[in-house]
Amino acid sequence: MKPHLKQWRQGMLCGVFAWGLFFVVIFLYFTDSSPAKPAPSSFSFLETRRLLPAQGRQRAIMGASEGLPEGADLRRGSPRGLPSGPLRTWAGDGFEREQEFLSVQTGRTSLSSFAPEDSAPGTSGRLFPGDPGPEGARPPRAAPGRRAKRGPRRQSLSARGEDGERLYSSMSRALLRRLWKGDASARMLHPRLQKAMGAYLRANKHGVRFRGRRASGRSRTELLCALRGRVQVRTLDGTEPPFSALGWRALVPPVPLSRLLPRRLRTCAVVTSAGAILNSSLGEEIDSHDAVLRFNSAPTRGYEKDVGNKTTVRIINSQILTNPSYHFMDSALYKDVILVAWDPAPYSANLNLWYKKPDYNLFTPYVQHRQRNPNQPFYILHPKFIWQLWDIIQENTKEKIQPNPPSSGFIGILLMMNLCGEVHVYEYVPSVRQTDLCHYHEPYHDAACTLGAYHPLLYEKLLVQRLNVGTHGDLHRKGKVVLPGLQAVRCPPGA
């Protein structure tokens, strides 16, 4: 009996050992084949995705070289002397014969009335509580045993999301009214935008060191006189290193931008790309101005009723020149108009440092375009002009503003205030059609496009509204701000 019992015990032990080994192997197999993936940071994915549009959405475009530009030495193959062709009279005579050039620009049916083949528009992340987030941002599913407990919780979250949407909508309307009055604050922004602004303030990518004095209580006249005395349009003229050593003096247009348009320009229009301009029926009014400025890749074809068709000046950021999807070299959007490009540079405006490491390498395509189209006026704004505008915004704002360059919109407004007797700006300060649609020609939504995260947009708009001499009705219904040209401002001696 004992031998049988002993054999039985040994068999039991072997069986237990075999089952244990089997379970260990199974456990190791499943844990090795499906390792736990670390959960992505909620800020790194969601906030980055949400905040990219704050820089115009295009700041997310990759592929542009930021290294030392190649092929920018113009000592060989650069166009020498004055250009030939139909604009020779403009280049040679300068201010005397600009009307010949202007007649081509301001009275034309824009060849740029259609959009280039653009990349697919981005998709927006979740903007408000209750909005569906992007794919991949969904919370992990609950375990089966906990599903019954999550029902009431989900209902409460849904109700809370709807309450959040209503609250934000209410805040947005309140902020719009305060913006119309010119006394809004960053504290009224959505928490997401406040968080973004704080991040940019801490980062200070461009090394901003503001040493000016703040004078936020200036009257409209004092502010206009300060602008007149300090804001002088400046572009690269090829006389400063490193551009002087590269032959840029023979490359840039011989007539400065400030003297290009005749002083008979009575009124000019600055047409923003804001989605709020849709269904405005402002096209005919916009085309009635002597000159019209537009931005980046904003088309007119298909939108003529709302945005008009005339284009005189187009301001483009450096991404337009560097990203192939914009077809900068061959698109009709950028032909037969005055082009003005810009790129963020260090606050010190060190041209050597900027040339070696631009935000996007606009120098090479600029050289190529000038060599191919020597008769088309094409300028690059000087970094000192860009940061001078930033200084003025900060000087006239109580709060600290983002240490990033002003938006293309603000740059364009101040540019036209230097060139025109009166400037009408459309949908820069939003009308009652306010929307989170970033651009009228792209299905992309983000509040940062209107109120700013990267650019100090909120403070720019508050400053512009302080300068507004137009009517409240035009502001509310049309989103139109009327600004006096700086040359028309009458200032006391010494102002």
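Just so it is clear, glycine is given a Cβ too, placed from its N, Cα and C backbone atoms.
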Per Swiss-Prot, cysteine bonded by disulfide to C268 (from C225, C420): C420
Identify the disulfide partner of C449 as annotated in Swiss-Prot; candidates are C438, C491. C438
Identify the disulfide partner of C491 as annotated in Swiss-Prot; candidates are C14, C225. C225
By a 10 Å Cβ neighbour count, the lowest-scoring of the disulfide-bonded residues C225, C268, C438, C449, C491 is C491
Within the chain of C420 (disulfide bond), which residues six or more apart in sequence place their C-beta under 8 angstroms from its C-beta? L261, L265, R266, T267, C268, D290, A291, G485
For N279 (N-linked glycosylation site), the number of other Cβ atoms found within 10 Å of its own Cβ: 10
Taking all protein chains shown into account, the Cβ-based neighbour count within 10 Å for N309 (N-linked glycosylation site) is 19
Cα-Cα distance linking C449 (disulfide bond) and C491 (disulfide bond), given in Å to the nearest integer: 35
Sort the recorded positions C225, N279, N309 by C-alpha distance from C449 (disulfide bond) and give me just the closest. N279
On the three-state reduction of DSSP, what should I expect for C491 (disulfide bond)? coil
Reported as an integer number of Å, what is the Cα distance between C438 (disulfide bond) and N279 (N-linked glycosylation site)? 15
